[in-house]
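Some notes on the structure that comes next.
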């Protein structure tokens, strides 16, 4: 056996959505900011993403993360997230998983019963709080970047369907649409059709307009499409599934997507500051969200959302790359 690369990871999940934290085998990542570091990874380290996200080591729905030194003087650390299509700008379930793994494995030092973390992400600064007993994390909450409605009631015409979507930012840009527009429910049976519509809507919007953050050039494009539905759980407010990247299905309620959804509900007067919003996902998992404060991003009214969830470690792994293997960089099916 020949080995050219060895990577170590800690894997976890949040409401079924995986996160693979790469703990060994990562070379130096250059850049002063997390956006610059993300750009560096896109240009120089995409092979690492393919090796660890793609089959046979990963799968179409795999999500990953690299923990970096902080980019700002007051942050505790930085994060860079990856998926089946590339490198994302922020990931809410990823924040929940990183904090949980960091505390439960002793990677992060904690004192008392609640710990605050300041995290640099490509989308901006994120503040997270962990509640734990001993080495077991009970929940993680994070204050996300300012989230806002970019455009509302955007008309869409695809095939014989005409409908409207809201476009909102919650760390990445999302199009929000009701699943009933297509006669679909957010469940496993309708998931293939929802995936197809997610791709169509994303491509339609990006062919008609440029979606770009008013302050950060590197934050642009539709990351995902949120399909909203009536909840199944008695305590849930709404049910959703997010289709993002290259048709990837978010098993969790989607942290940045929930932030974008909170922004749309607040803008419409449906959700008030301090009111609890329970977002249910296709696996029946839930995130708790609320509006902490109201602010502005350039000319847009924005909210600072707080999202709460929990994560569980699923494994500790060591992956190798054999240079003789024709599939050593991986492949994707589905």
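One is the number of the first residue shown, and numbering goes on along the chain from there.
Cβ atoms here come from the backbone N, Cα and C positions, even for glycine.
Features as listed in Swiss-Prot:
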ACT_SITE  91  active site, proton acceptor
BINDING   92, 93, 250, 255, 256  substrate binding site
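Feature map: annotations from Swiss-Prot on the structure.
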residue : record                       : DSSP (3 states)
91      : active site, proton acceptor : coil
250     : substrate binding site       : strand
255     : substrate binding site       : helix
Rounded inter-Cα distance in Å - residue 256 (substrate binding site), residue 91 (active site, proton acceptor): 6
Site extent for substrate (largest Cα pair distance over 92, 93, 250, 255, 256, Å): 11
Chain-internal residues near residue 255 (substrate binding site), provided their CB is under 8 angstroms and they sit 6+ positions away: 91, 92, 93, 94, 95, 96, 142, 144, 170, 171, 287, 307, 309
Surrounding CB atoms that lie within 10 Å of the CB of residue 93 (substrate binding site), all protein chains: 33
For the substrate site built from 92, 93, 250, 255, 256, further residues of that chain with CB within 8 A of the site's CB center: 14, 17, 91, 94, 95, 171, 242, 252, 253, 254, 257, 258, 287, 307
Under 8 Å by Cβ from residue 250 (substrate binding site), counting only residues of that chain that are 6 or more apart: 17, 93, 224, 241, 242, 243, 244, 257, 281
Residue 91 (active site, proton acceptor): tally of other CB atoms within 10 A of its CB: 33
